[in-house]
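J.: Starting off with a structure, shown below.
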Amino acid sequence: MEQMFVHIWVSLVVLMSVWSAQSDKKQDVPVIDVLGLEDVKQTVAAVEKLSLALKTLSDVYVMSTFRLPPKLGGVLLGLYNKQDNKKYLEVAIMSKINKVLVRYVREDGKLHTVNMQSPNVADGRPQSLILRVGGLRREYLSLELYVNCRLADSAQRLPPLVDLPRDAELVEIRNGHKAYARMQGSMDTLKLALGGTVAQAGALTDCPFQGDASSYNIVNGEVNSILGDHTKALIGQLIIFNQILGELREDIREQVKEMSLVRNAILECQMCGFHEPRSRCQPNPCFKGVSCMETFEYPGYRCGPCPDGMTGNGTHCQDIDECSEAQPCYTPGACVNTARGFTCESCPPGMWGPPLSGVGVEYAKSHRQECSDIDECVDLANACTPNSVCINIIGSFRCGQCKTGYVGNQTAGCFPRKSCSSLSFNPCDANAHCVMQRNGDVSCACNVGWAGNGHTCGKDTDIDGYPDRSLPCMDNHKHCRQDNCVYTPNSGQEDADNDGIGDQCDEDADGDGIKNVEDNCRLVSNKDQQNSDTDSFGDACDNCPTVPNIDQKDTDSNGEGDACDDDIDGDGIQNVLDNCPKVPNPMQTDRDRDGVGDACDSCPEISNPMQTDVDNDLVGDVCDTNQDTDGDGHQDTRDNCPDIPNSSQLDSDNDGIGDDCDEDDDNDGIPDNHAINGIGPDNCRLISNPNQKDSDSNGVGDVCENDFDNDSVMDLVDVCPESAEVTLTDFRAYQTVILDPEGDAQIDPNWVVLNQGMEIVQTMNSDPGLAVGYTAFNGVDFEGTFHVNTVTDDDCAGSIFGYQDSSSFYVVMWKQTEQTYWQSIPFRAMAEPGLQLKAVKSRTGPGEFLRNALWHAGDTDGEVKLLWKDPRNVGWLDKTSYRWQLSHRPQVGYIRVKLYEGSEMVADSDVVIDTSMRGGRLGVFCFSQENIIWSNLRYRCNDTVPEDFSSHRKQVLMHIKV
């Protein structure tokens, strides 16, 4: 045996020699441990090594191991200038879009960004990353990204990296724990390998890369050099070792035979008193109901698995709490954990759903309690006073005012008032319709395709609200004046040179003798065409005559463009000192001290200096939870009614509780909709009036008789009579959303807003994009005139509603002709003519998938759902005006779209039911189509559910109960 151990020792010595040679090879590559840089001296030395390597070596490797919580990321490594924070090199992980961003300064001094595709690394598990920066001594730079030892992406022919400053003390190395946008998880290692191969870099992070020929030959050569002199000796020793094992095997066999004879003799000897051994499973040592099986191993038995709903080793079992492990019930508090199982309590009041109970975590995860809202307004015959408004909300309902045409309240009842049908004569024009106002007055409005004051109406070819010829109106109403552009919509009637021809149809709008297509100041006379900069705007109309600024943006409207204005927002603080350069904030409040003022900070309470907002929902990524219980587009942490959809977030008394879930909106002590102890309902729900004075006993208090929301705009002209925050249609303030932000030839839309925000023009043949207003709505009526003012294009345009973020919105879009999209990657998309209504719920967000899905006429799984399409399959006509009317009631999922050509309705979606978005913002949409006009835009708050919805609601309830 001693000789055998000697042979084994010799073999181990040989193997250790090989391992030692490999280990020595690993140490040949210089490595900088970034996490170990503790003082300035160490940092300077590291920068000097790195700077020399970037000049003399071909490759440098960034290596790290880390953990990231779901959807979080940050900067992994960065090289910055200590004096001005200039980036030399920065590597950041963008987990929400599964990308690694590499930013570096090129030799020409400009910042270059490379987006590299990465698998999901934000899952809470350990991850390894290697970034190879190659081609350092060549004309072009190359990048290779390895995630968990596999090549994830690469980029070739990149511009070279700029040299680091000669003075190493000017450069600061920041790791993910010290960067501005720090890593949100934990970082175990962060190293820089200076030179070497991918295999050697992999060896430093325990990544056994295969196929690296150079590394393989090095190791193989070393093994041969070490084993070459010992091969014969090693073979001889192994032969001896094999002989010893054979002899040992024979000895063991003899011992087994002898022990068997002794055992049989003992068992057959009755005098010894041995008896049949008792069963280890009697009595059953296992948990009640668990099977027992005898074994030869200690303790002589083995228990089966614990019963369903329990966990343990079979001997001891304890109950599993399915409520905490799986949360199967509609609300966490409704789950009751029982011995071996769980039971869900009944659905909350105002909701309906089948009972649910079961056993085990797997069952609880695969079966969820479903509770659907009961529409008391439909199911309860007398939920509210007859002829009053009943508003269904999730789990309940509330009673509003009397319906249009009735007067009174919930206590006294609602009685008929003067109405259009009860009039002894019709005061409206034959081409107009009667409209009942909130206060009971009657007014007239011209039908679509006609314009005037309602009492007198004339033909309106371009449907912009002005008649083709002037009308003899008694009140000299402005909409009785002749349209200065009969065939091109221009609801603002702009006429720069006052020649009676509107700017939209005037070939020389400013009257300077130079045609618009050649004029560098289309609306300002400038015969000399002087242009001191290079932005295509002449000095006479350029708000920055000596500084190029294509967008001519002027945030503070002081006549000086942002590009040359040292105080862009006009708050008295210069841009270089202003923590919100484009939003007035003279107090400069900055609660999270991230250098961005609260007035413009997308996360005012959490530091986020980069202000990234991937999904364009106006909430920064670092504080964006995407948890929205009621689906109204506001995450629960920012929602003033987290369980009731209320996109408008109206809070009339500023008590932090939204009006839709506040029993006393104006905080005057009078309940809004129900009488409590003889008090209420409030006859002025939004204006404090404890005395409830109502001189004419019409059910509306004196203080809100003609201005219900007290916003100084009479209800007759107020587009939202029950919201003091919205008074007129206005898109002058809007958010631009680019739906395909990456591409070879990126052309973004150019939006021009006219007529005080009631007309929008898009001039470019652009990539898909949106212009979205900042006002969010619950129920809304949205209408406008659509006109393509060109004959050279045939693509898509339309309007949007229910916008919550760049992955969640509704779009009404129209294509002129059938066409296959010219980029077949990631999939072939076919557009068809005809008006379409789509619900966008995109898993990927802005990019090539959403782009092709919008172009495609049908459904695209995980991206876009087609809700309705005009069966006529008719495209829009060049230079032809159309009027669309849209109604959306998100509380019940009601959607209806109507389209008019002239005065004739040519398309009607009928009632469409969809609850993908429970409210949101409004805007317009374009995709590869130029010269689009959205004119005479109007929106109006309206939560009243139309009568044509009732039959659809019954069908929905019947389907749920079955």
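The backbone N, Cα and C atoms fix where each Cβ goes, and this holds for glycine too.
Note that the structure is predicted; figures quoted are calculated from it, not measured.
Quick paste from Swiss-Prot:
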SIGNAL    1-23  signal peptide
DOMAIN    24-196  domain 'Laminin G-like'
DOMAIN    277-318  domain 'EGF-like 1'
DISULFID  Cys306-Cys317  disulfide bond
CARBOHYD  Asn313  N-linked glycosylation site
DISULFID  Cys329-Cys344  disulfide bond
DISULFID  Cys347-Cys371  disulfide bond
DOMAIN    373-412  domain 'EGF-like 3'
DISULFID  Cys384-Cys399  disulfide bond
CARBOHYD  Asn409  N-linked glycosylation site
DISULFID  Cys420-Cys434  disulfide bond
DISULFID  Cys428-Cys444  disulfide bond
DISULFID  Cys446-Cys457  disulfide bond
REPEAT    459-493  repeat 'TSP type-3 1'
REPEAT    494-529  repeat 'TSP type-3 2'
REPEAT    530-552  repeat 'TSP type-3 3'
DISULFID  Cys544-Cys564  disulfide bond
REGION    548-704  region 'Disordered'
REPEAT    553-588  repeat 'TSP type-3 4'
COMPBIAS  557-570  compositional bias 'Acidic residues'
DISULFID  Cys580-Cys600  disulfide bond
REPEAT    589-611  repeat 'TSP type-3 5'
DISULFID  Cys603-Cys623  disulfide bond
REPEAT    612-649  repeat 'TSP type-3 6'
DISULFID  Cys641-Cys661  disulfide bond
CARBOHYD  Asn646  N-linked glycosylation site
REPEAT    650-692  repeat 'TSP type-3 7'
COMPBIAS  652-669  compositional bias 'Acidic residues'
REPEAT    693-728  repeat 'TSP type-3 8'
CARBOHYD  Asn710  N-linked glycosylation site
DISULFID  Cys720-Cys941  disulfide bond
CARBOHYD  Asn942  N-linked glycosylation site
J.: By a simple count of other Cβ atoms within 10 Å, which of Cys317, Cys329, Cys371, Cys623, the disulfide-bonded residues in the record, is least packed?
T.: Cys623
J.: Which is it, of Cys457, Cys661: the one of these disulfide-bonded residues whose Cβ has the most other Cβ atoms within 10 Å?
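T.: Per the Cβ count within 10 Å, the most buried is Cys457.
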J.: Does DSSP give Cys623 (disulfide bond) helix, strand or coil?
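T.: Note: Cys623 (disulfide bond) is helical by DSSP.
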J.: Using Cβ-Cβ distances, find the residues under 8 Å from Cys399 (disulfide bond) that belong to the same chain and are at least 6 apart in sequence, listing them in sequence order.
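T.: Residues satisfying the criterion: Ala383, Cys384, Thr385, Ser388, Val389, Cys390, Ile391, Gln410, Asn673, His674, Pro681.
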J.: Just the number: how many Å between the Cα atoms of Cys661 (disulfide bond) and Asn646 (N-linked glycosylation site)?
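T.: Cα-Cα, rounded: 9 Å.
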J.: Looking at the recorded positions Cys306, Asn313, Cys641, which has the shortest Cα distance to Cys329 (disulfide bond)?
T.: Cys641
J.: Cα of Cys371 (disulfide bond) to Cα of Asn409 (N-linked glycosylation site): how many Å, rounded?
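T.: The Cα atom of Cys371 (disulfide bond) is 33 Å away from the Cα atom of Asn409 (N-linked glycosylation site).
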J.: Taking the Cβ of Asn646 (N-linked glycosylation site) as centre, how many other Cβ atoms lie within 10 Å?
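T.: I get 27 for this one.
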J.: Averaged across the repeat 'TSP type-3 2' (494-529), what pLDDT does the model get? Just tell me the whole number, please.
T.: 96
J.: Using DSSP, break the compositional bias 'Acidic residues' (557-570) down into helix, strand and coil residues and give each count.
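T.: DSSP classes over the compositional bias 'Acidic residues' (557-570) add up to 3 helix, 0 strand, 11 coil.
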J.: For the repeat 'TSP type-3 5' (589-611), could you work out the same-chain residues 6 or more beyond its ends whose Cβ comes under 8 Å from its Cβ atoms?
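T.: Contacts of the repeat 'TSP type-3 5' (589-611) (Cβ under 8 Å, skipping residues fewer than 6 from its ends): 180-181, 578-580, 582-583, 618-623.
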J.: Nearest of the disulfide-bonded residues to Cys720 (disulfide bond) by CA-CA distance, picking from Cys306, Cys317, Cys564?
T.: Cys564
J.: Per residue, counting other C-beta atoms within 10 angstroms of the C-beta, which of the glycosylation sites Asn313, Asn409, Asn710, Asn942 reaches the highest number?
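T.: Per the Cβ count, the most surrounded site is Asn409.
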J.: Between the Cα atoms of Cys623 (disulfide bond) and Cys600 (disulfide bond), find the distance and write it as a whole number of Å.
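T.: Taking the Cα atoms only, Cys623 (disulfide bond) lies 15 Å from Cys600 (disulfide bond).
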J.: Looking at the recorded positions listed here (Cys347, Cys434, Cys641, Asn942), whose Cα lies nearest to that of Cys544 (disulfide bond)?
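T.: Of all the candidates listed, Asn942 is nearest in space.
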J.: Out of the recorded positions Cys306, Asn313, Cys347, Cys457, Cys941, give me the one sitting nearest to Cys428 (disulfide bond) by CA distance.
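T.: Given the candidates Cys306, Asn313, Cys347, Cys457, Cys941, the nearest one is Cys457.
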J.: With DSSP assignments reduced to helix, strand and coil, which class does Cys457 (disulfide bond) get?
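T.: The three-state answer is strand.
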